[in-house]
Structure formats: structure tokens, C-alpha cells
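Q: Okay, handing you the structure first.
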Amino acid sequence: MNIELSRRAFLQTAGAGLAGTTLGAFGFGDIEAAHAAAIRPFKLANTTETRNTCPYCSVACGVILYSKGDLRKGEQAEITHIEGDTDHPTNRGTLCPKGSALLGFVKAPTRLQQPMIRKPGSDKFEPISWEDALDRVARLMKDDRDQNFVATNNDGVTVNRWLTTGFLAASATTNETAFETYKVVRSTGMLVFDNQARV
Amino acid sequence: MAAYDVGPSEKVHPGKPVVVDRYTVGARINHWITAASLILLALSGLALFHPSLFFLSGLFGGGQFTRFIHPWIGVLLFFSFFGLFLRFWKANLWKREDGTWLARFRDVLANHEENVPEVGKYNAGQKFVFWAMSILIIVLISSGLVIWEQYFSAYTTLGQQRVALLVHAVAAVAIIGVWIIHFYSAIWVRGTIPAMIRGSVTGGWAWRHHRKWLRELVTMRSKEGSGSKPAE
Amino acid sequence: MTNSWTDIKNTDLVVIMGGNAAEAHPCGFKWVTEAKANRGAKLIVIDPRFTRSASVSDVYAPIRQGTDIAFLLGLINYCIQNDKVQRDYVKAFTNAGYVVKEGFTYQDGLFSGYDEAKRDYDKSTWDYDIGADGFAVVDDTLQNPRCVWNLLKNHVSVYTPEMVERICGTPKDRYLKVAEMIAECSSPEKAMTSMYALGWTQHSKGSQNIRAMAMLQLILGNIGIRGGGMNALRGHSNIQGLTDVGLMSNLLPGYLTLPTQKEPDLAAYMSTRGFKPLRPNQMSYWQNYRKFFVSFQKSMWGSAATPENDFAYDYLPKLDLPGYDVLRAFDMMHQGKINGYLCQGFNPLQSFPNRQKITASLSKLKFLVVMDPLATETARFWENHGEYNDVDPATIQTEVIELPSTCFAEDDGSLTNSGRWLQWHWAGGTPPGEARRDTWIMAQIHLRLKELYRQEGGAFPDPILNLEWPYADPGDPKAEEIAQEINGRALARVTDTADPTKVLAEAGKLLPGFAALRDDGSTSCGCWIYSGCFNENGNNMARRDTADPDETGAYSKWAFSWPANRRILYNRASANLAGKAWDPTRKVIEWDGAKWSGYDVPDIAPTAKPDQVGPFIMNPEGVSRLFVRGMMRDGPFPAHYEPFESPIANPVAPNVRGNPAARVFEGDLAQFAEAASPEFPYAATSYRLTEHFHFWTKHVIVNAVMQPEFFVEISEQLAAEKGITKGGWVRVWSKRGSITGKAMVTKRIRPLTCDGKTVHIVGIPLHWGFTGAAKKGFGPNMLTPYVGDANIETPEYKAFLVNIEPAPGPVA
Amino acid sequence: MFPPIPNPSTTDVAPRFSEKDLIRRSASTVPAPEQQLTEVAKLIDVSKCIGCKACQTACIEWNDTHEEVGVFAGVFENPPDLTPDMFTLMRFSEWENPETNELEWLIRKDGCMHCADPGCLKACPAPGAIVQYSNGIVDFVHENCIGCGYCIKGCPFNIPRISRVDNTAYKCTLCSDRIAVGQGPACAKACPTQAIVFGTKDEMKQHAEGRITDLKSRGYANAGLYDPPGVGGTHVMYVLHHADQPELYSGLPREPRISPLVEAWKGITKYAGLTVLGVAAGVGVLHHLIMGPNRVTEDDEEHAEELTEGDGHGRV
């Protein structure tokens with residue numbers, strides 16, 4: 001068994017690059033069926049893996065989400081652990097203090113659960129249904145657009161712009177969200193449109 | 001002569017046999033509480049002291065509870081022994097005859113008390129036990145507090161705690177040793193245990209082991225009862 | 001990034017300046033430690049603070065924040081003076097020999113054409129001499145006194161080591177040590193990489209900071225090669241993507257630009273975007289602009305975009321100003337000119353300068369919509385949190401709607417990292433409560449708007465009614481559908497222009513890449529630079545092949561890298577005029593006599609002859625620019641300007657305050673402290689800590705544990721001077737606001753001597769607010785000035801003036 | 001680069017070592033294991049460490065501990081010390097090197113060293129509460145722990161901490177549950193710069209040599225490996241740029257060893273103590289057998305009676 005652990009084996013696997021270390025080859029004699037009292041049962045056993053990338057900085061490290069339940073089987077999936085993806089060329093399984101604690105972001109106590117509305121002058125948020133919230137947003141947008149849309153400028157040039165409502169895109173949404181957002185926002189003629197690139 | 005080591009409650013009752021009051025109820029209860037806690041401490045302490053004795057923790061419902069209860073019993077012992085100390089410290093002050101008594105310790109061991117000087121309420125051996133206990137209990141309680149992880153670990157350095165551990169262990173061994181002497185003497189010298197149970201001894205027991213003490217009791221009694229004559 | 005994270009392992013010298021890779025990008029920094037461990041590479045860190053990057057550096061040089069240009073031009077001067085220049089590279093691949101128009105001058109800190117009233121330049125003299133042949137005049141001998149090289153030599157000559165020390169506060173010996181090490185990289189066998197981030201961008205001359213280093217890298221011949229490059233570390237996971245896709249006021253996807261009102265029709269629009277080559281044989285790739293633009297219009301408005309209506313040119317809004325960046329947006333809001341605002345993620349209350357102004361601005365809105373996975377401060381700007389958000393809800397009439405969105409773990413899609421890799425990810429968990437994907441939310445808003453316009457009509461409804469919406473479930477577009485839209489489709493059969501028999505894509509099929517785009521409406525493509533990301537071969541962004549022949553670090557089969565899966569930009573510059581690698585051990589691509597090939601996708605036409613076609617194909621010159629003509633607002637060369645709030649007057653141009661071309665809004669100027677102001681004697685800078693990511697991770701308990709509470713970082717000297725104790729409370733205030741926090745007293749910040757004056761530095765991290773798991777705290781934006789970079793309006797967060805004093809703790 | 005730790009398998013893998021690989025068990029004995037497992041070790045290269053605390057967060061996440069959000073105390077250490085929920089801690093010290101006048105920010109990941117001769121195990125009175133596997137892992141078994149805190153006093157590195165919740169001792173397990181299935185510790189997997197690597201102890205020593213050569217080439221003449229012999233070597237080792245002054249790294253002990261006091265307490269005292277007590281008891285019994293009890297005689301009683309009757313005047 002020690003042969004497997006020789007430096008040579010190590011270099012071979014090193015050559016294989018992402019193949020991993022000889023750790024996988026720790027042939028500790030006969031395999032014990034029962035867990036040693038001291039040793040916790042391996043908590044990722046029988047979980048579902050999903051490949052993802054870290055949403056924080058733009059190194060975009062590969063991560064693996066471990067969940068109870070499998071979305072692809074149409075099940076409810078509860079993420080129970082997140083760890084670096086060793087197959088990823090950039091991070092090779094490593095993660096920074098933020099990435100290592102990603103589970104805490106997914107499960108943050110301050111994750112938003114339902115749409116809320118704060119009425120003018122009020123000192124609190126009140127729940128509102130998605131339907132009502134979205135209808136309200138569309139209505140507010142349309143009313144403002146209809147009132148303030150500029151079709152032509154003083155020189156009579158067609159400018160078709162809308163300057164009284166702005167949109168701030170984020171920085172961690174997907175390219176797909178970004179392009180769809182671009183379509184929806186630009187089609188209204190909105191010019192006050194920016195993202196987080198600067199800060 | 002001065003009744004230097006006679007308690008107010010100690011009296012001689014003539015008769016056959018003569019009965020001498022030695023310990024009040026309070027003193028006896030106090031003693032037995034102390035005795036009980038000392039034994040429990042020894043048992044729980046030994047359980048944590050040597051692996052081969054860890055099974056003793058079973059008596060206390062497992063290691064966790066043993067670890068928890070031991071220091072509290074220690075506190076109880078401390079206060080209860082303090083009670084005994086207040087009661088007995090005077091009677092345990094060192095006397096001239098104690099030296100001679102010790103010098104003839106061989107005769108004591110050989111049950112030849114006729115060769116040793118008359119002693120008061122306590123002989124040198126008992127006094128040794130008394131003072132040894134007093135000192136060791138101080139040592140144990142103070143070192144014990146230092147290593148009482150749950151409440152006091154924050155107040156001392158690891159170095160101090162390591163010293164305390166060693167001191168506590170050595171002192172514990174010593175006090176158990178002293179206890180063994182105390183316990184054996186009580187068995188060996190018959191009539192002693194009843195004294196701590198009933199509170200009284202026979203005149204003979206007093207005459208044999210604490211003659212000086214008996215004489216004083218008698219003298220005092222006669223002083224009180226002077227004039228009165230026994231019926232002829 | 002011109003290169004990639006994994007390429008950094010090939011470098012010989014890492015210069016971290018204007019960034020803090022070890023703390024902000026630890027897993028990317030791994031490749032620095034790899035280069036050190038395996039190649040014996042050296043690490044230089046230049047920063048006002050001795051950061052965690054510095055803790056593993058070979059050389060650390062302190063610098064006063066906001067003086068990077070002086071330092072970098074000093075390095076260029078050093079290299080020129082000591083002939084540490086990769087001459088052949090400079091001659092062949094830069095515009096060093098280009099002759100500049102008569103009339104271009106630089107004096108007293110100003111270039112020719114300055115208009116003080118407009119705070120702007122007339123850039124007509126900032127250009128080349130154009131010869132009779134219509135091409136730029138070039139002197140290959142570099143002898144012409146008007147050629148870029150000689151102008152540059154002259155321009156940087158003032159930045160001597162003494163001047164650098166005087167401006168930057170960097171001890172001369174330390175500076176020279178750095179200069180020596182960097183100059184070594186002028187040899188073709190040595191590569192240096194520059195790693196920078198917000199430490200360079202968040203200045204009133206941010207763009208020029210970066211240009212200065214880019215120029216140095218060109219002079220050293222480090223652009224386009226393995227282990228070299230200009231590597232912007234970038235902030236958020238998809239800020240590269242959001243910018244590529246053009247979510248900015250003046251952009252269209254793929255760095256096309258939105259029309260201005262001076263361009264009434266497509267012809268006028270294209271007239272300024274012809275990009276005719278400035279030298280013979282050059283590719284000037286932007287000549288394909290019209291193909292990209294028309295294909296984009298088709299992806300927006302499909303059949304409604306026809307040749308007859310200039311491909312729906314009128315559907316696009318026309319700009320009246322250079323742009324509506326966030327600073328302008330909030331200034332407009334502050335003037336009551338904006339009624340509604342939608343935030344998709346983001347947290348302006350924490351992110352934008354001069355928070356008092358931000359709060360006031362948001363309070364003037366009629367409605368604010370926030371879509372976010374987390375409870376942001378912005379969504380609760382109206383809620384009173386004592387000193388941390390001291391507002392009176394009753395007086396704030398803004399209607400706020402907060403919409404719960406999913407996070408990365410709950411949606412599919414691609415993110416573009418700083419190495420331009422588009423990487424696909426998959427949802428692994430069920431969203432909490434009623435949280436919904438952003439794609440769903442945006443679709444729902446659009447469909448409702450559309451329906452309202454269909455029913456009620458209204459202002460110019462056409463672009464909304466005709467918006468291309470080809471999704472299987474219009475209410476819930478799938479990420480794959482949109483990705484294909486971005487990649488582009490053939491609307492009719494597309495054939496090879498050279499050989500019409502060769503079909504590139506049948507009608508309805510996905511396009512192989514942007515080479516197949518057409519300007520006649522026969523192709524549609526959402527973002528040309530992303531074309532190829534999801535073609536008939538499948539979703540290339542989801543590729544997970546880790547093969548890396550000869551371990552060059554390219555990983556060409558992993559995900560997709562724009563453009564055209566190219567891993568190193570300008571990689572043609574890695575080879576000399578004969579098409580052979582400058583350094584054989586660093587081969588990227590080489591010319592085999594007929595075509596270019598190698599480890600990477602050539603950044604040039606595969607058959608473009610090495611001695612004819614320049615490597616910088618996006619430039620009409622075909623070469624890179626040491627002199628940037630009229631393309632920067634504040635000058636064709638960088639020049640040292642002090643921050644708007646600076647502890648000393650500008651030593652090279654005493655009469656110039658800040659960046660003369662930077663935009664300053666009315667009212668804001670009054671809120672800037674004077675140079676060397678006695679009221680605000682200390683030079684403050686904002687920064688991030690490795691334990692936190694912006695304002696997100698304070699919501700994560702574990703990260704809150706790692707760095708629980710806001711603090712202010714100062715030197716032992718300043719602490720002693722002010723009687724401030726380690727962990728004791730302090731008050732820090734600027735001309736705009738005041739904050740309190742605990743003090744971090746450290747040896748890692750040292751007072752500098754600049755222009756003979758002791759300058760104390762105050763560090764202010766930015767991760768705390770009034771929501772989340774961490775302790776409530778302040779952020780630097782309570783203090784920072786409301787001014788941005790002259791070119792792209794990035795706020796000046798890195799250099800401003802404050803005062804500081806010990807303070808009683810908060811009344812608990 | 002050093003071969004990264006592979007991704008975990010989600011299939012149920014049987015652990016590769018177990019109780020029958022124990023070489024030490026606190027307050028009890030174990031049969032010699034049939035075979036010697038390959039010794040594993042974690043190597044912490046302080047010169048590569050950027051103090052990012054990824055090891056700390058990865059540790060919390062993997063071990064499902066729940067550290068409370070604290071306060072800023074003027075230093076970078078958070079939490080301020082190891083706790084029952086924080087098994088590892090980055091310790092920061094700012095040091096001005098008198099030879100170079102350079103500031104050095106020395107950052108050390110503190111935590112259990114998994115000593116070959118573990119003081120915690122030696123001090124532990126509870127059978128099986130602390131175990132040592134032949135691969136070098138020293139682990140705490142909480143169901144056997146009684147929370148006395150002796151392990152803390154036994155530890156030359158001051159590592160274990162007692163939980164006030166369940167009154168048992170906690171420390172780094174070297175992620176025994178991960179290693180048991182062929183994984184590496186969570187901290188080693190997370191470490192962005194591979195300042196923490198994990199493998200067999202021999203491999204770690206070889207890897208360290210390479211690192212030390214690199215450091216010497218960068219002017220750290222005293223760079224070296226920290227594998228203190230005083231505790232029989234450790235299964236967590238450090239590469240230090242100043243191996244000649246380990247105490248610079250937030251007080252890493254120069255020559256760690258189990259305190260002589262603890263040695264005495266757990267050694268001589270334990271045995272001598274019991275002997276003394278045994279002897280004392282024995283002597284008592286013996287004396288009783290030879291001398292017999294000391295009884296009051298009739299004679300004594302009569303004397304006493306005479307004395308009392310004689311109103312104290314009687315003389316005998």
C-alpha cells in the first residue's frame with residue numbers, strides 16, 4: 001500500500017494534473033465496514049452534486065453544490081454543503097473565505113422570501129402578492145413613460161428617449177439575464193441605464 | 001489545674017460502668033458529614049486520578065457527572081470541616097506530654113499504653129491527623145478552584161493550572177493516607193467509633209486512652225458538687 | 001484581462017499596483033504563488049498600505065494614493081533613459097514612429113485645446129499627420145522630433161526619481177529597486193504582468209492610470225505574450241459580462257455605441273464608425289461594425305427591423321449627453337428630474353459617493369423597485385437605524401417595492417470572469433420562499449408593459465410591442481434560449497463571402513461565430529463578441545475539458561472565452577515580424593509560412609502575413625497606441641494630476657486642481673476640501689477586506705464572524721499624535737460627512753513624506769451597513785467626494801481628505 | 001502545482017481506518033494494530049499564507065460549528081482565540097526585521113498539531129475520550145469526554161477548548177471523516193495559495209524541502225521546517241521563513257514538550273500515590289493481625305469507677 005503513496009505515484013498524478021492526489025489511493029488495509037466511533041459519517045454521502053461558479057468576485061471559481069434532493073428529477077433540493085471544484089482550471093478546488101462560506105449566503109437569514117411594498121411615508125414593509133407587485137411596477141413605469149417620453153428634440157430630430165425613470169443593472173446576474181434585461185429596458189427608450197462596473 | 005481541653009458539654013456520670021460524654025450531637029453530625037464528603041471526594045477523585053479506578057465514576061452516574069459533582073462536594077467538605085475545626089482546634093493544641101507520647105510511640109503501637117504519659121482529650125496521633133487534615137484541605141480547596149475548568153479556568157494561566165493539578169493530586173494522596181490512619185486507629189482502638197456514634201465512652205476507655213482528660217472531668221465534677229456527699 | 005488567471009503562472013514578475021489580489025482575488029492570486037514557487041518569479045506590491053498581498057511580496061513600495069501616474073511615467077522615463085526598452089517590439093507594434101500634428105502641446109499640466117469654462121478639450125490637435133495617401137505619416141527611425149516616441153520621451157522626462165519621491169512619497173532607493181526589477185522585463189525572455197483593480201479605476205484619472213501601465217507594458221514588449229498583459233482583476237462575478245452585454249447608458253452589446261441625437265439615421269450613425277485603416281494592409285476590424293449593429297437590431301426587433309426602416313434605427317433612444325452614468329443619474333434624481341428607479345441587485349445607498357446626497361436623491365423618487373436576493377440597505381433607505389441611517393420615514397414619500405430574486409445556486413446561466421471566460425452554471429437548490437429568477441421577473445414586467453400598451457396605447461409603443469420575444473414560455477424564458485439569442489442565428493442561409501458555395505449556416509441554425517455575421521439582415525446576434533458561445537456544436541460555455549497541451553495555461557477547451565474562444569488578446573504580438581515567438585519558451589502562436597497556429601486562437605486573420613498586418617487589429621493603425629489621439633477626454637498621454645482632494649498642491653502643475661477634464665456637478669465643487677486643507681489634513685482611502693465581499697457577505701454569519709465590525713486603519717504615529725488607542729473609538733469626518741468606528745492601529749500604514757510634508761494615511765474599509773449579520777457600521781461613501789473619472793465616471797473613492805479624533809463609544 | 005485534493009465522492013464509501021487502527025487510547029490500552037497506517041500530515045507554509053481565513057470558514061462549514069459574531073478588538077484575529085466552534089485561527093503579528101529593517105507580517109494558522117506524543121491524550125482521565133490512529137491523527141471522542149479540561153493542561157500548544165454547551169472538549173480533527181474516505185482536510189482543500197497542503201508525512205517533508213530552498217534563494221537564510229521532536233514530531237508541520245525564531249509567529253513554542261508537571265502528575269504521582277495508599281492500608285491490616293485490637297479492660301473500668309467515686313481524691 002505504501003507503494004501507492006510513493007513520490008512517483010504522486011508525480012504521476014501531478015502530471016495528470018487535475019486527476020487528484022494519492023489521497024484517493026490511501027489504501028488503509030482492509031476496509032472497515034463500521035465507522036470508528038471517533039469518525040463522523042461522511043456527510044456528503046448520497047447527496048446530489050451540481051456544478052456552479054462562485055457569484056462573488058470575477059475569478060469565478062468552480063464550486064460544487066451538494067444537495068438533498070435533485071432539481072433535475074423535479075424534486076425539491078436543499079443545498080447542504082458547497083465546496084470548491086477541483087476540476088476547475090482556475091481554482092483547482094480551492095476557495096477563499098467568502099467562497100468557502102457560500103452556503104451561508106444561500107441560507108442567509110436575510111434572504112428575501114416574498115415581495116414587499118413600502119407605502120409613501122410608511123415606516124414598514126408590507127407583504128404583497130407577485131401579481132399585484134408586478135402590475136403595480138408596470139403601471140408606474142407606463143404612467144411615467146407616457147408622461148415624460150421625448151419623441152423628438154427641439155431640432156425636431158427623432159430621439160425616442162425616456163429620461164425620468166432609470167434602471168440599475170447589477171453585476172452578478174447571468175449574461176442571459178443581462179441580455180433579456182437589456183432588451184426590456186432599451187425597448188422602453190430608457191437612457192438612465194447603468195451597471196456596477198464602476199464601484 | 002486549668003481545664004484546658006475540656007468542652008463544656010463533657011461530663012462524667014458515675015455508675016457501672018462510668019459513662020463519659022465525649023461528643024455532642026452537633027459535633028457528631030458535623031463529623032459524619034465531613035467523613036461522608038471526604039469519602040465521596042476520595043472515590044470521585046480517584047476515578048479521575050487513575051484510569052484503573054475510572055470505574056468508580058460509575059458510582060456517580062458517569063464521568064461527566066463525576067467531573068461536575070467532585071468540586072461541589074469539595075466545597076461542602078471545606079465548610080463542614082471548618083465547623084469541626086472551630087470545635088476542636090483548642091483541644092488539639094500541642095502539649096508537653098505529646099512529645100513524650102510520640103517518643104514512646106512503639107509502646108502505643110504495641111498496645112502498652114501504661115508506658116506512655118497520661119494524655120488529655122486527644123493524643124499526639126489524633127492531633128497529627130487533625131492538623132494534617134486542616135492543612136491539606138486548605139491546599140486541596142485552593143488548588144481545586146484553580147483547576148475547576150467550568151468556572152475558574154479563565155482566571156489563571158495554564159502554567160499555574162498545571163502546578164495546581166500536581167499539587168492537588170499529591171495533596172489528595174496525602175489526605176487519603178491521613179484518612180487511612182484516622183480510620184484504622186478508630187477500628188484498632190475499640191470503643192472509639194461508638195464514641196462518634198453515641199457520643200459517650202466508658203470510664204474505662206477514658207481511663208485507658210485519655211486519663212488526664214478523665215481526671216479533669218472528675219475534678220471539675222467534684223468542684224461543682226462539693227458539699228454534697230454520696231449516700232453511705 | 002488581456003490574459004487569463006491561469007496564464008499568470010507563466011510570468012517572471014508580478015506587479016500588483018492599484019489592486020490587492022491576495023485579499024480581493026485569493027484564488028486568482030494562487031497563480032502568482034505558483035509563478036513564484038515554480039519559476040522563481042518575483043512579486044512587487046505598490047500600495048499605500050502594507051496589504052496581505054505585500055505580506056508575501058519580494059518588494060513592497062509605499063505610495064501616496066492618487067499618484068500612480070507619476071510613479072508609472074517615472075518608470076517609463078527610467079526605461080527610456082536606461083535603454084531598457086524592447087526596441088523591435090516598440091517599433092513594430094506601437095505607434096512610436098507616428099508623427100503627431102503640429103500644434104499639439106503639453107504645458108503646465110494642460111494639453112493643447114483646453115477650455116476652462118467647459119472643463120473640456122478641443123482635441124483637434126491630438127492626432128497624427130495624415131499623408132497625401134490618406135495614411136498616417138510614420139518615421140520608422142524614430143528620429144522625427146514630432147513622432148510619438150520623442151514626444152513621449154519629452155513628456156515623461158519631468159518624472160525623475162526625485163520627482164517621483166516628491167509626489168508619491170516613495171523613498172527613492174525603494175523606487176529605484178522597483179524600477180530596476182521592472183526594467184529587466186524589457187528583455188524578450190522576461191515577462192511582467194500587471195494586476196490591478198479599483199485601486200486604479202476609482203480615481204478622477206482612473207483610465208489614465210491604466211493607460212500609463214499599458215504604455216509601460218508595451219515599451220517592455222509584454223502585451224500579447226504568455227505571462228504578460230494588462231490584467232484587470234475586476235470586481236463582481238459578472239461585471240465583465242454586464243459590460244460586454246452593454247448594460248450602460250451609452251452602449252449597445254459588444255462595445256457598439258448608442259446613437260446620439262446628432263445621428264438622425266443609420267447612414268449618419270455609420271459615417272462616424274467606418275474605421276478606415278490608418279496604415280496599408282491593416283485589418284481595422286471595426287470595419288465590420290455595421291454587421292454587428294444590424295445583427296443586434298435583428299435580435300432586438302426581428303422582423304420589425306427591416307432595411308426599409310434602417311433596421312428599426314428609430315427604436316433606439318438617442319443620446320443628448322455623453323452618457324447617463326450613475327453619478328449623473330443620482331444628480332438628476334437629486335434635482336428631482338427622475339421619478340422612478342429600478343435596481344436589479346446593486347446597493348446604491350452603500351455604493352455611491354456622498355451618501356447624504358444619495359439618501360436625499362432616493363427620497364425624491366416617486367417609486368423605487370429593488371430586485372435582490374438579500375435585504376439591501378437601498379431597499380430600506382427610508383427606515384431609521386439610528387446613527388447608521390438617520391432618516392424620518394414619515395417625510396419620505398417614495399413608494400418602495402422589494403422583489404425577492406434567486407441567487408447563483410438557484411438559476412442556470414453563464415457568467416463572464418475577468419479572463420473573459422463565459423462559464424455556464426446550473427441551479428442546484430430550490431429558491432427560498434417566493435423568490436423568483438431575474439429572467440422571470442424581467443419577462444413579467446415586459447409582458448405587463450406590452451399588454452398595457454396593447455390595451456391603452458401610449459407614447460411610442462412600437463419598440464415594446466415589437467420586441468422580439470421568441471421564448472417557448474414567454475413568461476419564463478430559459479437561459480439556454482437567451483444564450484442562443486446572444487450567440488446569433490442565420491435568418492437566411494449564410495455563405496462564405498469568399499466562396500459562395502460554402503455554407504456557413506443554414507437558415508434558422510445557430511451561427512458558428514461572428515465571422516458569419518452579415519449587415520443585410522440575414523443574421524441576428526445579441527452580442528457579437530459572444531458569438532460562438534452557443535452554436536451548433538452545443539453550449540460551449542458548458543465545456544469542461546481540462547486539456548492543456550504543454551501546460552501553457554490556456555485551457556482552450558474549458559468553457560468559452562470571448563472573442564472567438566481566444567485566451568490571450570493580441571496574441572499575434574507574441575511573435576516578431578518574422579512570425580516567430582519573441583521567446584521560444586513562451587510560444588502562443590507562430591507563422592508557419594502560410595498561416596498562424598499554436599496554442600491559442602490567433603488574434604489576427606489566420607493568413608495575415610506577419611510583416612504586413614499589425615497585431616492590434618481593432619485599431620485602424622494595426623498597432624497599439626502610446627499616443628491615443630482624441631480618444632481620451634483628458635489627454636493623449638497620461639499626466640499626473642492630484643486627486644480633487646489632495647494633501648499637497650500638484651508639484652508638476654501647481655495651478656491645476658484635480659483632473660482638469662473631469663466632470664464636476666454644480667454644488668459638488670463647494671463640497672471638496674482645498675488642497676493641503678488644514679481642516680482635513682489626512683489622506684484617506686477606501687478598500688476591501690479579504691473576509692468580505694462588498695455588502696453581501698455581511699449577511700453571511702460565518703463571514704460576519706471573520707470580520708464582525710467596521711474599523712478605521714491608521715498608523716502608530718498618527719495614533720500617538722492623536723491619542724488614539726488600538727480598538728478605541730474614533731470619529732472620522734470629511735467635508736461631506738462624519739462616521740465613527742473602532743481604530744486599527746498598525747505598523748502596516750506609515751506616514752509618507754510628500755513635497756516635504758508628512759502625509760498621514762487613513763484607511764476605511766467598506767463592508768458594513770445596517771442590514772445583515774455583522775455589526776451595524778458605516779461605509780466610506782459617507783465621506784467620499786461626488787466626482788468621477790474624466791472618461792468613464794468611476795467615483796474617486798481611493799483618495800480624499802478627512803480629519804480624525806478619538807471619540808466616545810456609541811451610547812449602547 | 002501540488003496535486004490538489006480531489007472532489008469528494010457522494011457514494012457511500014466505507015472509512016479506510018477505524019478503531020482497530022488505534023495506537024493510543026486515553027486512560028486505557030489498545031491492542032497493537034495489525035498494521036501501521038501510512039502517516040499523514042498537513043504542511044502549513046507560512047511564507048505562502050495570505051491570511052485570508054479561508055481555512056477558518058471552510059473549517060466552520062465542514063464541521064458545522066456555530067461561532068458567534070463577535071466584535072472588532074483592534075486586531076485581525078477573529079474570533080480573538082480558538083473556541084469550541086473555531087478549531088483553527090489565523091494569528092497575525094507585525095514584526096520589523098532588525099536585520100533588514102523590513103516590516104514582515106507574519107501570519108500563522110493555529111490549531112491542533114496532531115503530535116506523535118500527544119499531551120492531551122496523556123493528560124486525559126476518561127478512557128477513550130482521546131484516541132490516536134497509527135496514521136497520526138489525534139481525535140476527540142465526545143461521547144467519552146467528561147469535560148475536565150485536563151487535555152488543555154496537557155497540550156503544549158494550548159489548543160483544545162471546552163464547550164459550555166455540552167461540556168466536552170473540541171479541537172481540529174484533521175477532518176478524520178474526510179481523510180477516512182480518501183479526502184484531505186477541508187482547510188487544505190480550500191487554501192487558495194496552497195499554503196496548506198496535505199499528504200503523507202514523507203511527501204510533506206519533501207515538499208517542504210523545495211519550499212525551504214525557494215525561501216533561502218529569496219534571502220531567508222533561516223528558513224526551515226517546524227516538526228518539533230519534543231513531542232515526537234507533529235502531523236501538522238510549518239514551513240517558517242524564520243525557523244530559528246518560531247516564537248515570532250504569535251508565540252509558536254520554540255521547543256514544545258509536554259510540561260514536566262503534567263509528566264510528573266500523570267507519571268510518578270499516579271503510581272507512587274496509589275502505592276503509598278496501598279502500603280498504608282496494608283500496614284494497618286498487618287498491625288491489626290499482629291497486635292490485635294486495643295481493648296478497654298475490666299481493670300480500666302474499675303480504675304475509672306474508683307476515680308469517680310473517690311471524688312477525685314482517690315489515688316491508685
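Just so it is clear, glycine is given a Cβ too, placed from its N, Cα and C backbone atoms.
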Q: Looking at TrEMBL, which one out of D:C155, D:C187, D:C191 binds [4Fe-4S] cluster 2 in the same site as D:C59, D:C172, D:C175?
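A: Checking D:C155, D:C187, D:C191 against TrEMBL: the [4Fe-4S] cluster 2 site match is D:C187.
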Q: Among the binding-site residues D:C49, D:C52, D:C124, D:C151, D:C191, state which ones have a Cβ less than 8 Å from a Cβ of chain A, giving them in sequence order; state 'none' otherwise.
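A: Sorted by position along the sequence, the hits are D:C52, D:C191.
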Q: By DSSP, how many residues in the domain '4Fe-4S ferredoxin-type' (D:136-165) are helix, how many strand, and how many coil?
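A: Its residues fall into 8 helix, 5 strand, 17 coil.
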Q: Enumerate same-chain residues with a sequence separation of six or more from D:C55 ([4Fe-4S] cluster 1 binding site) and a Cβ-Cβ distance below 8 A; give 'none' if the list is empty.
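A: Sequence-distant Cβ neighbours: D:T88, D:M90, D:K109, D:C187, D:A188, D:A190, D:C191, D:I196.
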Q: When neighbour density is defined as the number of other C-beta atoms within 10 angstroms of a residue's C-beta, which of the binding-site residues D:C49, D:C191 has the lowest density?
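A: Counting other Cβ atoms within 10 Å of each of the binding-site residues D:C49, D:C191, the minimum falls on D:C49.
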Q: CB neighbours of D:C151 ([4Fe-4S] cluster 4 binding site) within 10 A?
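A: Within a 10 Å radius of the Cβ of D:C151 ([4Fe-4S] cluster 4 binding site) lie 29 other Cβ atoms.
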Q: Just jot down the residues in the same chain as D:C124 ([4Fe-4S] cluster 4 binding site), at least 6 apart in sequence, with C-beta under 8 A of its C-beta; none if empty.
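A: Non-local contacts for D:C124 ([4Fe-4S] cluster 4 binding site): D:S26, D:A27, D:I130, D:Y150, D:C151, D:G154.
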Q: For chain B, give the subset of the binding-site residues D:C49, D:C55, D:C124, D:C148, D:C191 whose C-beta is less than 8 angstroms from one of that chain's C-beta atoms, in sequence order, otherwise 'none'.
A: D:C148
Q: Measuring Cα to Cα, how many angstrom lie between D:C145 ([4Fe-4S] cluster 4 binding site) and D:C49 ([4Fe-4S] cluster 1 binding site)?
A: 34
Q: Over the span of the domain '4Fe-4S ferredoxin-type' (D:136-165), how high is the average pLDDT in this prediction?
A: 96
Q: Among the binding-site residues D:C52, D:C145, D:C148, which residue has the largest number of other Cβ atoms within 10 Å of its own Cβ?
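A: Going through D:C52, D:C145, D:C148 one by one, the largest Cβ count within 10 Å is at D:C52.
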Q: Under a three-state reading of DSSP, tell me whether D:C55 ([4Fe-4S] cluster 1 binding site) is helix, strand or coil.
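A: Looking at the DSSP assignment, D:C55 ([4Fe-4S] cluster 1 binding site) belongs to a helix.
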Q: For the compositional bias 'Acidic residues' (D:298-309), jot down how many residues DSSP puts in helix, in strand and in coil.
A: 12 helix, 0 strand, 0 coil
